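**Q** My questions will all concern the structure given below.
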Amino acid sequence: MTKFPYLVTGEIKRMQKYHIIGASVLVALIWVAVLHFTGIENIDTIFPLLLFIDSTLMSMLMVGVTMFFEKGEGTLKTLLVTPISKYEYIFSKVISNLLSNLLTLLILYGYAWYFKDLSISFFLLLAVIVLIAFFHSLLGFYIMYFTKDFTSLLMWIMAYSFIMAIPVLLNEIGVWVGKWVDNLLLILPTKASSTLLFAVTSLKGTGETYFSIIYLIFASTLLFYVVQLKFNEFAAKESGV
């Protein structure tokens with residue numbers, strides 16, 4: 001893994017080249033505008049919702065966009081002959097994407113801490129964001145195995161949002177509630193994600209909180225195994241072999 005730091009640095013430069021970091025900053029500023037114009041002084045409730053969207057859907061999108069730009073340049077065609085392992089390639093993509101999530105967190109937290117009454121621990125938020133974004137970055141990577149163009153990527157993410165994210169958001173804001181709803185949503189990685197983000201707000205560990213941690217760790221491990229398992233097939237397809 002001696003090449004890994006250089007790979008991550010290269011990924012960050014590539015994200016700058018493709019204006020992906022700039023897009024991340026723009027999205028963060030949109031979230032800041034949402035916080036500013038809500039008129040709510042204590043934003044401990046809405047703050048996790050914004051981070052939820054960024055660390056789930058945006059993580060998937062950013063990985064996909066980066067890989068599509070690489071495909072357009074023909075970079076993906078060299079995957080089978082590059083002197084790096086598939087693990088290094090996958091992790092470099094995920095880690096650089098996590099840095100993008102960290103940038104969004106810093107912008108949002110800085111604004112909320114300075115201008116609003118935010119009482120959420122930054123370091124607990126950071127740990128939770130890393131766990132959530134790690135899983136969803138891998139998921140974005142996996143989705144790329146089945147997409148042919150940018151439109152199909154957006155369709156995958158829209159489907160994920162309608163099935164996985166929107167029901168959880170409706171549950172969190174009190175629109176879709178009930179004991180059976182809570183039990184049903186427990187099977188979703190997005191529910192585990194929102195549970196952890198709101199647990200940071202309350203600073204209280206519950207059985208559901210610990211279940212969510214174990215859930216995301218196990219799901220990330222399983223997903224990474226699947227991603228690396230199908231990587232050679234993906235690389236061969238992109239290389240035209």
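Even glycines carry a Cβ here, placed using N, Cα and C.
Keep in mind that TrEMBL annotations are predicted by a computer and have not been checked by a curator.
Under the heading transmembrane segment, TrEMBL lists 20-40, 46-69, 90-114, 120-146, 153-170, 209-227.
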**Q** Is it the case that the transmembrane segment (153-170) and the transmembrane segment (20-40) have 3 or more CB pairs under 8 Å, with pairs at least 6 apart in sequence?
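**A** Result for the transmembrane segment (153-170) with the transmembrane segment (20-40) is no.
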**Q** If I count Cβ-Cβ pairs under 8 A between the transmembrane segment (20-40) and each of 46-69, 90-114, 120-146, 209-227, which range comes out on top?
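**A** It is 90-114, which has the most Cβ pairs under 8 Å.
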**Q** Which bits of the chain, at least 6 residues beyond where the transmembrane segment (209-227) starts or stops, bring a Cβ under 8 A of a Cβ in it?
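**A** Here the qualifying positions are 90, 131-132, 134-135, 138-139, 141-142, 186, 189, 191-193, 195-196, 199.
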